[in-house]
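One structure below.
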Amino acid sequence: SLDTTGNVDLTSANVKAGSLDLNAGNKLILDTATQTTHQVSRDGATSDKTTLGPAANLNVAGDASIKTGGDFQQNAGNLNVGGNLNANIGGNWNLGVQQTGEHKVVQRANGVSDTDLNSATGSTVNVGGKSAIGVGGDLTAQGARLDFGQGGTVAAKGNVTFGAASTTSTINANSSGDQGNRSYAETRHGADQALTGTTVKGGDTLNVVSGKDINVIGSTIDLKKGDANLLAAGDVNVGAATETHVYNSRETHSRSGVVSGTKIASSQDATSTVANGSLISADGVSIGSGKDINVQGSTVVGTHDVALNAAHDVNITTSQDTSQSSTTYQEQHSGLMSGGGLSFSVGNSKLAQQNQSSSVTNNASTVGSVDGNLTVNAGNTLHVKGSDLVAGKDVTGTAANIVVDSATDTTHQAQQQQTSKSGLTVGLSGSVGDAINNAISETQAARESAKDSNGRASALHSIAAAGDVAFGGLGAKALLDGAKGPQAPSIGVQVSVGSSHSSMQSSEDQTIQRGSSINAGGNAKLIATGNGTPKDGNITIAGSNVNAANVALVANNQVNLVNTTDTDKTQSSNSSSGSSVGVSIGTNGIGVSASMQRAHGDGNSDAAIQNNTHINASQTATIVSGGDTNVIGANVNANKVVADVGGNLNVASVQDTTVSAAHQSSAGGGFTISQTGGGASFSAQNGHADGNYAGVKEQAGIQAGSGGFDVTVKGNTDLKGAYIGSTADASKNSLTTGTLTTSDIENHSHYSANSAGFSAGASVGVSTKAVGPSSVSGSGGVTPMVFQNDSGDQSATTKSAVSVGAINITKPGEQTQDVANLNRDATNLNGTVSKTPDVQKMLSQQADTMNAAQAAGQTVSQGIGLYADGKRKDAIDAAKAAYERGDLVAMQSYIDQAKSWDEGGASRAGLQATGGALIGGLGGGSVLTAIGGAAGAGTSSLLAGQAEKISKSVGDMTGSSLVGNIAANVAATVGGALVGGSAGAAMASNVELYNAGNDPQKTDDRATIAGLQGLLSRTAAMASDAKAGVWNGMVNVAGVIVNIPNGGPFASPGDPGYVSLDGLKKPYKSGTSIGPDTEFLTPILATLGLGGKAAVGTDAGITSADVATVGNGALKNASGDLSAAANSARNQPYGQGASASQSPGTQGASSGSNISASNGSSSPTTIVASNPVDLNAFDRLNVVDPAVGKFRPGEAGAAAELENYLGGTLQRAPQGSSVDFVFSSGPNNGKTVDFMLTPDTVAQAAKINQFFDKNLNNFMNTLSDHAAAADFVPLDSRFLSEANKTLLVKAIGNLPQKLQAKIILIK
């Protein structure tokens, strides 16, 4: 027994007693003292350590009675009572903690570490028996452990608080170092709060009574058996204690080398709070409050019945965890660095990133009974927010107003990034360098597209990369082989100075509604009684669920079952710009260049996602409202539904919505100027996307099972995209309402993403580029990108219905809709539509695909053009070889192939169409764009000739071939658009520019093809002449000697037989002659395919159609070999006048021996051309005739023959000259030649023959003029009919002898 008038101080005392009767007149102190020591180590580290001294213990083996006139102070002290405890504290009873820890500072060579680590030791009360504790003031326990073995009562006139003790530990550190070329500095700060809650335990019923408030904060009341009863005159607060964690860091790193340096700076600031909720657990729990009961982020649970009764409000809500984070990162490089690909830079680059994020997360409360009932009564409002009420049996909530709704989680994220780069860059230039650079960039782009799941763009980038590798390789090989000239590839080194900047900002804000739930194994009943105020007595359940066997919602006024809404808002923007100027030096000399580009974009999206309320009863759901009942964004599901609505019944579905929009645009251009030429280019892109979605995800309605529905509504029943349904027999369904209105909800989904762009460019002289419109020397164009269009539209209807059953309209005079038209099928009512895709990502992928398609389009068109050029060259070479060996059928076939592979040819166009289909399909993503690409490419290739005409016409008008070429490209683009849309326009432009416009050999090859065709026609006609006897009229019959191809006997004037093509002599028939006025007979003509003609005179001749047939390869001998006939024609006599000798080809002499012109003779010189034309000479001479601006293959062939027989070398006379050719070497050096009668085609020859007699006088006048101006005037008479030849010879005989001496007749 201890009785004092003053204080009893048991600080760090150890008191033991069998029983205790302590009466302190003032304070009772049961503290454990602390002690602090200070230490300094050898290395200078300091330590201040606080520890507990001897523990303060008051140990009573039996019963204890403690009475104080003042406070009972207990800090880390221990009260242990083996029996019963009877305490009467006159003041406050404070059960606190003592804080211990160590503050340590360590100084190192590279920095300082400052740590302060703390912990708390709480007080304890352990009672083996029953407890009867009365406190005249407040009872406050922080971080304490209280164990009331057999329960009892704890009562205070003031507040009773079971709370958490808090300690904070901090770490502060900094370090730095410098190693010459490397340095760093870093600082770190961390502060962590630790909470130690109070724990109250007991073995039997414990009563906690307060004259004011009861607070259980971050603490636990846990009874093994018995009930936990909390009764307060004020509030009862069961809540969470919040601990805070802070982390801050700063770092800088730098590295410097001989040629480069790097600096990195980063920071991180993070703060988070964590709510530690409370727990009250016992067999049964009863909480009573004279004011409010607040359960926040905590759990109140009993094995049996749990009851909460408050005179005012009961709030069962959430606690919240929060976080805020901010990071920065800056990186700066200076000096030598990679410039991308095979280039390097010297300069500065900077990267700055900032990220911010924050969040609020709700922690639900749970109040309930495991196998008993849960009863919650509030005099005013029962509010369940983001929390759960649960009972194994019944849940009953009664209040003036009841709100069961959701708590809102929020997240915010924001990112910013800025980059800049400036300095000098050294890289490859020239066409080969450009191809290499683009191959690298396209390869990287293909990888990025694949990462972005853009397979089409990845494939197109890969095609472009492969093409760039191939073009670069071909160009490099050509350079190694010593290629020269305007079309030769180039390579060089470029040094440029420039800068670039980019920025990006994005943010996303989300709200997520965490609904409440009420779950009962038996009945769930919510009753809103109202408090006598009008419009009071409401039940509102928002975005939450009620589940029970039977659910009853009874409201004095309204029952509101409504949805909640999640939101998601995103915003983004970006911009970039750059410019550079440079100087290059390479195989094309010295050049300068400049470029600039700019881009910007933005995107926004707002989404709303609805969360329906659900009332689920396995048996019966009952709704009774004195006013309206609103089932909006909610569902009532039960086996049987009973509703008695004193106002209106409104049932409506709500739609999820998404509205999004994005924009992106870019533009750029540049120019290059070198010693060999220059070029300029410009490109632009623009994209817009938008999406709009509104759709009912979950239809609202009242759904009954086999029990049916019995709904009575005093006012109007309105269904908006909603239903009252049942699976029961119609006899169990009844709707009685004043009036009934219904309507449907239209759902829709629309999105559209469109991207368009173009590139334009031109070059003069020799281009130094490998990619883009300015890469084609001396040309240019405008190439549209393959238009990107992704869109979708869907619509559907959410219908209203009432299942079959009785519908009773109690106010028929007010009914406006015909109930007979009501939809009675309450199944499959919700027509859904798909949500819109991410339009901003779609826009980004479209831009990528457009760029990839443009790059690949050039590769494919240009590659096919190169392939076709090669095929054309191969066919020309094969045609020449066939001519050399006399195989005219094969020659014609190869000429046809060369034409087919030429610009405008079918083979080239077919292959371009295939390439167009590939690029159009991949670029546009559909069969239609593939068809469009094929149509545009094929049409552009087929109409290459028309484009050339446009180019020449515009070029002539403007005086600029470049303008003409651009006009041709624009025309091709328009034509492609007409036949193939966007893909057609893009591919048509590509084909015109990179195929037809990039074909430097086409003019020469076309001349060669035309010349070969002319040679073929001439040779075939000569073969026809030999077979048909056309020679007879020009050479005396006595001089004709024909070499039979198979070596058979000769036919001569002494042997009046004649020869057919099978090598056999035919018997002479009466009336048939061989002479100047007749041709060979029927067998010969039949062999020509001319039918069974009798002997005919020269006036009939062989028609132009016959010659055309010969020229097309129809002329064959009996064995099918045209070459034999041709060889026979070649072996005709040649010479001067009428005394020709046998061809050298038949006598073993060198073919092509020279003869001398008449040189003053009074008669024309006659040449019988028998040898094939020398193709090398023909190619040299077949150039544009400046007088007419065209190729003249007829003149070229005749000139080659003239060289062969007269010797020397001819060349085209310069523009303005009145003659065709001039000898530049040989015996006639310096003399001029002016040809006549040298048709280029069989059709021209036929026309000459048709009108020769009528135009003879004009012809002879022209002949006289030519003979007066030129030294030689060759006349190719081989294409004239016999009658016209006779007229020509007679007319020449009438000319002055001086002029006749200049004439050379070619036969």
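Cβ atoms are placed via backbone N, Cα and C, with glycine included.
Computed from a predicted structure; not experimentally measured.
The annotation region 'FHA-2' is assigned in Swiss-Prot to 1-251 on the grounds of a curator's inference. Annotated region 'Pretoxin (PT) domain' per Swiss-Prot: 252-991, in sequence order, evidence recorded as a curator's inference. What Swiss-Prot records for 317-340, 491-518, 1124-1164 is region 'Disordered'. Annotated compositional bias 'Low complexity' per Swiss-Prot: 317-336, 491-507, 1148-1163, in sequence order. Sequence annotations record features per position, and here Swiss-Prot assigns compositional bias 'Polar residues' to 508-518, 1125-1147. The motif 'ELYN C-terminal motif' feature in Swiss-Prot is assigned to 992-995. The region 'Probable inner membrane translocation domain' annotation in Swiss-Prot covers 996-1193, and the record cites a curator's inference as its basis. The region 'C-terminal effector domain (CT), has tRNA nuclease activity' feature in Swiss-Prot is assigned to 1147-1307. Positions annotated as active site by Swiss-Prot: Glu1195, Asp1220, Asp1234, His1266.
Here the features listed in Swiss-Prot are painted onto the structure.
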{"residue": "Glu1195", "record": "active site", "DSSP class": "helix"}
{"residue": "Asp1220", "record": "active site", "DSSP class": "coil"}
{"residue": "Asp1234", "record": "active site", "DSSP class": "coil"}
{"residue": "His1266", "record": "active site", "DSSP class": "helix"}
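Within the chain, the motif 'ELYN C-terminal motif' (992-995) has long-range Cβ neighbours (under 8 A, six or more residues past its boundaries) at 773, 775-776, 779-781, 783, 858, 861-862, 864-865, 868, 903, 908, 912, 940-941, 944, 947, 968-969, 972-973. Using DSSP to sort the residues of the region 'Disordered' (491-518) gives these counts of helix, strand and coil: 0 helix, 25 strand, 3 coil. Within 10 Å of its Cβ, the residue among the active-site residues Glu1195, Asp1220, Asp1234 with the fewest other Cβ atoms is Asp1234.
If you compare Cα positions, Asp1220 (active site) sits closest to Asp1234 out of the active-site residues Glu1195, Asp1234, His1266. The two recorded residues, Glu1195 (active site) and Asp1234 (active site), show a Cα separation of 9 Å.
Other Cβ atoms within 10 Å of the Cβ of His1266 (active site), summed over all protein chains shown, number 22. In this structure, the CA atom of His1266 (active site) is 7 Å away from the CA atom of Asp1234 (active site). Each residue of the region 'Disordered' (317-340) gets a DSSP state, and the totals for helix, strand and coil are 0 helix, 23 strand, 1 coil.
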